[in-house]
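As recorded in TrEMBL, the features of this protein are as follows:
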| type | residues | note |
| --- | --- | --- |
| DOMAIN | A:40-152 | domain 'PurM-like N-terminal' |
| BINDING | A:ASP42, A:SER56, A:ASP87 | Mg(2+) 4 binding site |
| BINDING | A:ASP42, A:ASP87, A:ASP238 | Mg(2+) 3 binding site |
| BINDING | A:THR57, A:ASP58, A:ASP135 | Mg(2+) 1 binding site |
| BINDING | A:ASP58, A:ASP87 | Mg(2+) 2 binding site |
| BINDING | A:HIS65, A:GLU291, A:TRP343 | substrate binding site |
| BINDING | A:GLY134, A:ASP135, A:ARG161, A:SER240 | ATP binding site |
| BINDING | A:ASP241 | Mg(2+) 5 binding site |
2 protein chains.
Amino acid sequence: MIEDKNQQRTNLSELGEFGLIKHLTKNFEINQPSTFKGIGDDAAVLDFKDKKAVISTDLLIEGVHFDLAYMPLKHLGYKSVVVNLSDIYAMNAKPTQITVSVAVSNRFPLEALEELFDGITLAAKEYTIDVIGGDTTSSQKGLIISITAIGEAEESELVYRNGAKSNDLLVVTGDIGSAYMGLQVLEREKQVFQVNPNNQPDLDAYTYIIERQLKPEARKDIRTLLHALEVKPTSMIDISDGLSSEIIHICKQSEVGCNLYEDKLPLDPQLINVCEEFNIDSTTVAINGGEDYELLFTISMDDYDKIKGNPNFTVIGHMTPESEGIHLVTRANTKIPLKARGWNALNG
Amino acid sequence: MIEDKNQQRTNLSELGEFGLIKHLTKNFEINQPSTFKGIGDDAAVLDFKDKKAVISTDLLIEGVHFDLAYMPLKHLGYKSVVVNLSDIYAMNAKPTQITVSVAVSNRFPLEALEELFDGITLAAKEYTIDVIGGDTTSSQKGLIISITAIGEAEESELVYRNGAKSNDLLVVTGDIGSAYMGLQVLEREKQVFQVNPNNQPDLDAYTYIIERQLKPEARKDIRTLLHALEVKPTSMIDISDGLSSEIIHICKQSEVGCNLYEDKLPLDPQLINVCEEFNIDSTTVAINGGEDYELLFTISMDDYDKIKGNPNFTVIGHMTPESEGIHLVTRANTKIPLKARGWNALNG
């Protein structure tokens, strides 16, 4: 499979904790004006001046959130950062710094950690954020990654989950469901590999959906784009747990209902093909599959003309009074109540 | 032993992730003016106005950083917070917020997590900080706690590790070494318990040193005290990894040397007794034992009169030109080079 076989193995204990941190963080640059002091003291020092600071944190556990059988460590490092930045973009803020804590069992050589940090460094460059601190320690089992992301925004720019109003349009960026089906393909290949380790998988037909799973990007462009279009969403959230779950978050916090239209869901053609191959309903995947890291937001009907025809945005529904509930309107025009985390429920 | 036997066991899956977070965070209050928006969105929003923000993070792993055989979960929650706040105080800043991420295996019932969060809530109250975010997930093995602490300070108040000058006095708060020996006592009792589970340990002679290990406090008073005395340290660090290790950090970053005086080390009488009982050299313990969470700082000789006789402070040495190196001056007036993490080395 895609697993990388390291030739060289340097035992982590050869460097010691301080040597290890120094070695792993040597490529980190400071670029953000708000980073007053980075790695190297008891704490980093940040200066946001008149801006608000936003902060979000995620804990990723091997065997729960990722499987190193098909997730190369460099991709994992990259994705761990992206997942956190997505939360900052979902506030309509600009990410500026992260802290990175890593715990590893002694089965990981230095070279493995270097790969992980290569991915982290690449993401930090790509998104122009500073790595300002962290912690490196040993674990009893597996790899554990904890990242805290920090960002900044003017107060007037911030968008919360609770501002959606009845009649607002529900908009999603990009396409959805692909990350989930990418995972299904990788899981299937893992099974094949376990039966026959010499099997060379042909993954050409799955490149897009696999990339959505292994190397997702956060939508850093949307903040700039919305600003240029002079659209401020009334609410916003990122799609990490699946569309239905995130719609319900917005509805509950904004005290509104929602009609989501099945025929409007933006699906990549590759996703549709793979769903047919797996004999899975693509709507179910699009609604309940997670990890797309697209942004879901609501805008006033008055702003519709500003986003109409923009290939980054798809209007997938509209908000209703809370009393009308939260529904999926199917192609056959029947209304089904939308449930959170419905993947297992729908298939169980 | 001190282990708490829970009668009730509620399986975590009964609540689901969102229900669990809601349940565990329901007692958290917002008290800090800089907390603009706490738990409940993609990210928390903070407003430090003209102050600098400081940020520090720690990852605590069961079996590496703590042992639930003698660490009650409520104490663990409390200590996890304190450990992080100590880093903020070491910048001469005031802690204001934390994020808390927790991963648990399915052997933990809800009641265990409630105890952990009771300790976290207690620490948040005691130190007047807001819990503004976090993550709750499952682990493959054991309990994992990741805390990020945030604080604020005027730029002029901040104290770094790199400001010590030759001739500055080296000062430590409180006493040192007790947390380490508290751990040795607990480890010994654990062995006894494994041989005879009905043995009731008599720990009266060890209350102080055990409390230093199980329920340490961060020195929130020092910032206020130094301010009142009109003393600004030239450098500061907290003692988490042991005195020698922290002295070396200050020396390296400040490019100075140091003479540390054995006869000045502040040791609690209980610590001295226990060291005798264990037949361990108390100086070795004081220098290399970690987890005291006291503050170590340097001040200009001119400020000596301001701190002289204050029971919170002990002058334990002075800084020298870098070329003179870093030494322990023994009671017999011989100079021994100070080594970091010397515990094993000294006894090996």
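A Cβ is built for glycine as well, from the same backbone N, Cα and C atoms used for every other residue.
Predicted, not measured: the structure shown is a model, and the values here were computed from it.
Contacts of A:ASP58 (Mg(2+) 1 binding site) defined by a Cβ separation under 8 A and a same-chain sequence distance of 6+ are given as A:SER80, A:VAL83, A:ASN84, A:ASP87, A:SER146, A:ILE147, in order along the sequence.
Neighbour count (other Cβ atoms within 10 Å of the Cβ, all protein chains): 20 for A:SER240 (ATP binding site).
Note on proximity: of the binding-site residues A:ASP42, A:SER56, A:GLY134, A:GLU291, the one nearest A:ASP238 (Mg(2+) 3 binding site) is A:GLU291, by Cα distance. For the domain 'PurM-like N-terminal' (A:40-152), the model gives a mean pLDDT of 95. Across the domain 'PurM-like N-terminal' (A:40-152), DSSP assigns 34 helix, 44 strand, 35 coil.
A:ASP42 (Mg(2+) 4 binding site) is 10 Å away from A:GLY134 (ATP binding site) when you measure Cα to Cα. Under 8 angstroms separates the C-beta of A:SER56 from a C-beta of chain B, among the binding-site residues A:SER56, A:SER240, A:GLU291. All chains included, 19 other C-beta atoms sit within 10 angstroms of the C-beta of A:ASP135 (Mg(2+) 1 binding site).
Close to A:GLU291 (substrate binding site), meaning Cα to Cα within 10 A, are the following binding-site residues out of A:SER56, A:THR57, A:ASP135, A:ARG161, A:SER240, A:ASP241: A:SER240, A:ASP241. Here the Cβ of A:ASP87 (Mg(2+) 4 binding site) has 26 other Cβ atoms within 10 Å, regardless of which shown protein chain they belong to. Secondary structure from DSSP puts A:ASP238 (Mg(2+) 3 binding site) in a beta strand.
Among the binding-site residues A:ASP42, A:SER56, A:THR57, A:HIS65, A:ASP135, the residue whose Cα lies closest in space to that of A:ASP241 (Mg(2+) 5 binding site) is A:HIS65. Here the CA atom of A:THR57 (Mg(2+) 1 binding site) lies 19 Å from the CA atom of A:ASP42 (Mg(2+) 4 binding site). Within 10 Å of the C-beta of A:THR57 (Mg(2+) 1 binding site) there are 28 other C-beta atoms, taking all protein chains into account. Ranked by how many other Cβ atoms sit within 10 Å of their Cβ, the binding-site residues A:ASP42, A:ASP241 place A:ASP241 at the bottom. For the ATP site, whose annotated binding residues are A:GLY134, A:ASP135, A:ARG161, A:SER240, the maximal Cα to Cα separation is 31 Å.
In the structure shown, the C-beta of A:ASP238 has more C-beta neighbours within 10 angstroms than that of any other entry among the binding-site residues A:ASP238, A:GLU291.
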